[in-house]
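Listed features, source TrEMBL:
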- D86: active site, proton acceptor (ACT_SITE)
- G11, P12, I13, G14, A15, G16, K17, T18, T19, R138, I139, E140, K141, R142: ATP binding site (BINDING)
- 7-207: domain 'Deoxynucleoside kinase' (DOMAIN)
Amino acid sequence: MTQPPFIAVEGPIGAGKTTLSSMLAEELNLPIIKEIVEENPFLGKFYDNIDEWSFQLEMFFLCNRYKQLEDTGVQYISQNQPVISDYHIYKNMIFAERTLKGVKRDKYRQIYHVLTDDLPKPDIIIYIRASLDTLLARIEKRGRVFEEAMDTAYLEQLMADYDEAMASIALSEPETKIITIDGDIIDFVENREQFHTIASQLKELIHERIQHT
Ligand SMILES: Nc1ncnc2c1ncn2[C@@H]1O[C@H](COP(=O)(O)OP(=O)(O)O)[C@@H](O)[C@H]1O
Ligand SMILES: Nc1nc2c(ncn2[C@H]2C[C@H](O)[C@@H](COP(=O)(O)O)O2)c(=O)[nH]1
């Protein structure tokens, strides 16, 4: 039996994940699972010194996402309720593979698999891509102080890592539907028509999948 749709909005930092997932949740009346960022005690320290703080930060993100998906994701799925999230659990690996090295990376990989292998995985991914200039402009617009120390090369590397990760999911999970949005061209914030095109496409996919559940 297929599960009711679990939708994840993904993309590099500043792509518009939280914005788009919140808009879609409201438009389609879906419950939303949202990342908690402001209370993260390690992010500021991490951007000041990645090597020193990466393990603590990656573990913090992993444990929080695990707990959130365990508490709410599993509950919605078991009630046959479609749900949208502003992250995919695989995001942890995208970042950790970039920020961790050696023994810590090996340990992290093991813990990641132990915690996440039996979690429900999204079967629809909305992947927002955008150019470096667009991402930088949106990060600046958001104005989080701790992100001022972010290195541009780090963000550029993450953009490539995201492309690679999405290509790998497309190959290894052909049943997962990936909708790619060009965030430089499609403006779901300013252009209602463009937002409605995305919302209608998602509504149709949810409808199709519910019928097969
Ligand atoms: N399409 C868009 N056009 C203009 N501003 C946007 C757009 N998408 C997001 N933003 C703004 O960019 C910033 C980052 O968006 P956010 O949703 O927090 O990104 P993410 O969750 O991917 O890091 C926010 O200030 C948001 O209001
Ligand atoms: N090293 C990691 N950093 C992460 C991870 N998830 C999010 N983040 C950072 C990136 C941003 O500064 C901030 C919010 O993320 P958004 O993508 O929502 O803008 O947190 C992670 O797993 N590892």
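From the backbone N, Cα and C atoms, a Cβ is placed for every residue, glycine too.
Each of the binding-site residues I13, A15, I139 was assessed for Cβ neighbours inside 10 Å, and the highest tally belongs to A15. Around the residue listed as 'active site, proton acceptor', a 10 Å sphere centred on its CB holds 23 further CB atoms from the protein chains shown.
Rounded to a whole value, the Cα-Cα separation of D86 (active site, proton acceptor) and T19 (ATP binding site) is 9 Å. Under the DSSP three-state reduction, I139 (ATP binding site) is assigned to helix. Taking A15, T19, K141 as the candidate binding-site residues, the subset whose CB lies under 6 angstroms from any atom of ligand 2 is empty. Taken in sequence order, the binding-site residues I13, A15, I139, K141 that lie near ligand 1, meaning a CB under 6 Å from one of its atoms, are I13, A15, K141. Shown are the binding-site residues K17, K141; of these, the residue with the fewest other Cβ atoms within 10 Å is K141.
When secondary structure is read from DSSP and collapsed to three states, D86 (active site, proton acceptor) falls in the coil class.
Of all the binding-site residues given, namely G11, T19, the one with the smallest number of surrounding CB atoms inside 10 A is T19. Of all residue pairs in the ATP-binding list (G11, P12, I13, G14, A15, G16, K17, T18, T19, R138, I139, E140, K141, R142), the one with the greatest Cα separation is 17 Å apart.
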